[in-house]
Structure formats: structure tokens, C-alpha cells
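Per TrEMBL, these features apply:
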- A:Glu39, A:Val403, A:His451: Mg(2+) binding site (BINDING)
- A:Cys58, A:Cys61, A:Cys445: Ni(2+) binding site (BINDING)
- A:Cys61, A:Cys448: Fe cation binding site (BINDING)
- A:63-90: coiled coil (COILED)
Amino acid sequence: MKTVDLVERIEGEAKLICSWKNNKVSDARIDFLNFRGFEYILEEKSPLDALIYTPRICGICGQAHLKATVEALENIYENINEKIEISNKAKLLRQIGLNIEIIDSHIKWFYLFIMPDIIKLNSSDLGIYAPLKGKRWLEACKTASETIKALAIIGGQWPHTSYMNVGGVMSDPTRMDLINMQNYLQIAIDFFEDSVSGVSLEDYLSFDSLNDLEKLDKDMKYFKDLCFKYHLNVYGKSHNRFISLAESNLFRSGKIKQKIVNKIDLSKIAESNEYTFSLNEKENISKKHTWSKLVTYNDNFFETGPLARAIISNRRFIKELHKSFDDSVFTRVMARVDEMAFLINDTKSLISQIDLLENSFIKPKISLNDIEKASGLSVVEACRGSLYHKIDIENGKIKAYDVITPTVWNLGPSNKKEKGIAQKAIIGSPNIEIAKIVLRSFDVCSVCTTH
Amino acid sequence: MNEKKPTVVWFSAITCNGNTHSLLSSNSSKFELFLKNFDFIYHGSLTIDKSLEDIIKNQEQIDFLLVEGAISSNQKFFTTSNDSTKNILEKLVQKSKYLIAVGSCASFGGIHAKFTQNDDVCGLKDAIEEENKKKLKHPIINLSGCPVHPEWIFQTLFSLKNFKEISLDDEGRPKELYGTLAHHGCTRNEYFEWKIEGNFGQKEGCLFYNQGCRAPMTHSSCNKILWNDINSKTRAGMPCIGCTEVDFPRNNMLETKKNMGIPLEVPLGISKRAYLSISGVAKTFKIDRLHKKLME
């Protein structure tokens, strides 16, 4: 038997096609049928205009795209041996902006996209988690909108600011601005302690064993109990291989396939169009079924995202959960919520490291519009995992722009050799509700996947 | 509160969901007030009671149809809920009293209209058949902006709820929200008046002269109704990129096009000659205060 379901309440929409055998999913395919053509739109544009365009690939992770663009453009200078100086202050302000956006995204994802489905497994009465009505749903929304103000202080607004520019950042905060940012982050900490985990942030950050699961209270406890009741600690397992491309204060880069290797060679990343629709109608033969490309590292599929980051960066609580429950729905969701705690804590510390006397922006000596031919690339850890941008410029214009989003790693189609990450995870699900939750556990962003 | 609350349906077409996240980043008291006064029955990312198919099949009228994203009839590039965005929109419009475009893509096509291989991407006004437009109680309202300011959505909905109509400019935008320029209320106005140029990464100076700031040519209330309750792009140091206007996105948005050192485009409503004269005079005033750092 085959079923086709539309999955809404992700960022955008996907089509989930499942084959069933003995009341279990025996095969799964995910189709993304919406394509906006950003890579084509960017051709022939002025390189700096990419700073305006690429954040608009996605309404929720625009800062990740912005940071990827600005760093790929700066990499062009390095590649032509033109020295370009970025102050530490600018680097910090970029990372802080990105972190705040990830915190905002994780809060929304857990409460708006995950909890309503998990609770529906148990009863149709969502209570405080009911969308648009429930007390906690509204609190989560409020917390996200307060937290994002910390980013608006340096970006002028959110979503869709382009405050990062080649040479630094455009804003120049005052000390009071920084204090204000800390205060908005405190609202996220209070919410985490009072409603998400039910324990103090300090206690939570010290969790390092399976027994610590028992200390959880509030929504994480509720989530955990429902997961165990409905076996979400068993469902959703994929290849158990992880990749994280970019480094930050909090994250290490590396990959894991049995053991962790901390050296990443970006040239081993390969994108394929084999199953992806083409602009040229004649090429759209029957095996092409989605607008998502597929991406491999050294010819293997790897899962990217908070779970990959937690394991590669050696965050002990999640590593312990992973030892017992592998890459299940439970571990994957817990990794994302766990990351929220670490990010809030880390971001507060980054803000305190800013030296206001440094320059925010140092103008590059030559303009990108005057560069005859060069390329640049960058990697950034975004909400949903590793994001890769590559820009080729010719005669001062963008010749080609390649974006590989985290969701392409996780949600792209299978190849001849093996199943894609989310596909493999969905196989074995006992019903469509669970299959959709497994899909959702990857924090699906349809708009990023196809871009 | 026995009176039946007006229904709101949000349809996401060709979009990045930026307007949805703008709505979710609104002032939370205002957001809750909105939810109390309106029956927000469908949003593809937020609600769980009904599917888009339920909304289309249901006999009931929609009071306010909000559309995020551009529209296309081309199903090769863009299919949502097994149909083209244009077909779904036409079905929804026939059931709706008011049609509101949230964001520049829904208003004018925006960034997505730049994907020329999909050759009929456009805003609502160009997408909807004339006979269906006539069924609406009010001309289409364009809340342009990339993204739209959430407060502009609330003010428009509450105005329509109470007064049934709203005064629009030539581009279909509410005059009260788009009658003034983004320049209005910018904290850098004094630098503009005395023609003092700014640089990126500084609190001081005006971004109109070199950084491509479009605030004196852009209809919006970004500096009057602040973003996220606290700030605006130009206040923070980012030039206005004119995202509420029909021609967004333009080329070379982060630089000011000039001829012999003079901006090619001058503030709206001023002749270039008059602008040059007044600039010349303004520049003769050497106001020390404005040439110094605001704080050391």
C-alpha cells in the first residue's frame, strides 16, 4: 500500500509518500515541490547585493544566510591575496546576532511545531499548548519576540536585516545597548528555567548523565514522558552519522561515522541533481521527483543540526542520551532544546567580551565590483545545521552562487547507494502520525531546502 | 463579547515565511489583543484545526484573507496543496470580503518576480481575475515591506473591523502607514539636514550620500512605528533599501549612485537644482558638534 500525505506546519510544505508493509512504513520519499530559484536570481547581480538577497532565502534563518554571504565575499579577498581586516568586535557582533536567531528559532520550533503533534498522540486536548490559545504557546511566542529584540538592537530589525557587511558590521552599539541585549536574553533564561526545563540554567548546564533526565521538570519532562510512552526514543533512527562544518565559540567542526574526525575537507562535499527537477523541461525524466538536491560528504549521507553539533562538540548530557537512544526522535529533539540553553549562556558571555573602542567596520581597499575573476566560500552553523555558500564572481558581477542548506543534508532524496537521512529515519514508523513526527524532528524548512 | 468575531485566513504563496516570522515577532500584548478580537482560523504554519482544503471546501465566508508571498500559475516550479498558488488564491478570494497583501512579494511580486525562468510571478493585483476582484468589498490592500511590519497588519485589520474602509495611495497602500517617508523620525535626520556624510559602523552621519539609503524616497513608517518595538535599520546604521516600493529589489542597493559627486536621485518632491542649492548652503555651516563623535 502507498499513501501520500501533505505535511504542513513546517516552514512551508512537503509531500510525504510512504509505502506500507505489515503496518509499518517500508519505504518513504519526501518531495519538495516549491522552487524559487535564488541561485539563478543572484546571477549577474552586484556581489554586495547578495547581502540583501540571501537573507530572504528564509524568514527564520536569514542571519545565517547573511553571515554565510558576508564571509564568502570576504573569502574572495583572501583568495586574491588582498588583505582584509575584520575587528574582533565585528566578529562577535555577527556571532551574537546569529546565536540570537537560533535561540528564537529553537523556542518557536519546540512549542509551535513539535509539542502540538506530540501531545495529540496522547489526547486531542492540547490545553496550555494549543496553538494561538494555550497559555504556554503564547508565553513561548512572547519569549521569542522578546529575545529577538536583542538582535534588533544591532540589526535595526528582525527579520531581514543585512547589518553585516564586507569589512565588519554596520551598527555601532553603546554600552547601554549591550546591557539591554543581556536583559532580553535574561527573559529567555527565565523562560527556560520556569517553563522549559524546570531547573536553574546553571544546574541544567551541568547535566552529564542519563540520571539527570529525572531532574527535568515542566515541558521537557512532559515531552520526555510522552516520548517514552509512544516509543519516540526508538523511532526515527537514521544512519547515525553526523557532520558539522563550521566552528564557533560553542561548536566544533567535524564528522562522525563510528568515530569522531575533527578534520573537515570541504572539497569532499558533493551536490547532485540526479533526482532533482531541472529548469530544462527535457531533462525532467521520471526519476526526478523533488526540487531538493542531494548532498554527500565523501560519498556518504550525514545528518547535520543540533544533534550533530552536540555530539561533535562533546556536550555530555546529549552524548549520554545518544549512547542509550541513538539518533531517535527523542535524542534529536532533546539536542535542539539543550542547545538553546548553551546558546543563551554562551551569547551572554560573548556580549560581555565586546570592546566598544574597536571599529565596527573597516572598509576594504578595493571594491568587489573591480575584481575580474575570483571565488569564495564559507560555512556557518545555522539553526538547522551546516550552511554552505559558494560565490563565483566575474567582471565584478556574480557569475554563479551555490547554496547548500542544512535541510538539503537532512531532507534531500536518496541516491543509488543508500537512503537519505530523513527517509531512512521514517522507515519503520508504525503509523502516519509517528512518520510525520519523525520528519518534523529534523526541523524541516521547505523554503531553505529548495531555495 | 457575544458578537461573532471576524475570521482571518492566512495563505502562504511563494514566500520565505519572513512575514509570518514578522507577525510572530510582534508586540506580544498586541498579538494577544489581535487573537482576542479576530478568529484566526487558518495559517499553514500555526494552526492545527483545519487544513487549507477544509477552508476552501467550507461554505462559510472569510472576512479577512491575508496573503503572504507572490503568485504564479506555473505548477512546474511551484505547487502547494497540490495546486498552483493562483488557483488556490482565486478559490479563496471568491469567499473573502477583504483581501490584504502582506509583504512586498504579495503586493508587487518582490524578490520572487526576479526569477525570470518562472515568467508569471506577480503580486495579488496582477494575479486575480477582474470578476473575482469585483466580489471583494474593498479594493485590495497592499501592506508592502520586506517583510511587512507586524503593527501595520494589526492597525489595518482593526481599522477595517471598525470602519469598513481604509484610504489607499496609488499603490494600494494605506495612506496612514505609507503617507510619509522612511526618513521621517530617523535619528540621523540632523546629519541629513546639514549634509554630513556617514560611514558604516558609526553612530554619526547620514547614510543617504554614500551607503545607498533610500529613506528620503521610500514610503513607509519604519522610523515612526519602530521595529520589534525598539529600533529601525537606519537608526542602527543600515541604509534603507526601499523595500516597501514597487521597484524593490533594485541593483547596487548598498551604494549611492552619483554623478560628479552628486546623488543621482534626490529626496522625493525636490527638484535637483533646488536640492543642490540648498545643499550648498547647508554645507557652508560648519557645525562642530555634528562633526564630532557623539561619545568617545
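Cβ coordinates are placed from backbone N, Cα and C, and glycine is handled just like the others.
With an 8 Å limit on C-beta distances, none of the binding-site residues from A:Val403, A:Cys448, A:His451 reaches chain B. The Cβ of A:Cys58 (Ni(2+) binding site) has 33 other Cβ atoms within 10 Å, all protein chains considered. For the coiled coil (A:63-90), the model's pLDDT averages out at 97. Tertiary neighbourhood of the coiled coil (A:63-90): same-chain residues 47-48, 50-51, 54-55, 57, 97-98, 100-102, 151, 155, 158, 161-169, 354-356, 358-362, 364-366, 368, 371, 374-383, 387-391, 393, 403, selected by CB-CB distance under 8 Å and a gap of 6+ residues from either end.
Counting only same-chain residues at least 6 apart in sequence, those with a Cβ under 8 Å from the Cβ of A:His451 (Mg(2+) binding site) are A:Arg36, A:Phe38, A:Glu39, A:Ile57, A:Cys58, A:Val403, A:Thr405.
If you measure from the Cα atom of A:Cys448 (Fe cation binding site) to that of A:Cys61 (Ni(2+) binding site), you get 9 Å. Neighbours of the Mg(2+) site: apart from A:Glu39, A:Val403, A:His451, residues of the same chain with C-beta atoms within 8 angstroms of the site's C-beta centroid are A:Phe38, A:Leu42, A:Ile57, A:Tyr401, A:Asp402, A:Thr405.
When secondary structure is read from DSSP and collapsed to three states, A:His451 (Mg(2+) binding site) falls in the coil class. Annotation for the binding-site residues A:Cys61, A:Val403, A:Cys445, A:Cys448: lowest Cβ count within 10 Å of the residue's own Cβ, A:Val403. DSSP classifies A:Cys445 (Ni(2+) binding site) as strand under the three-state reduction.
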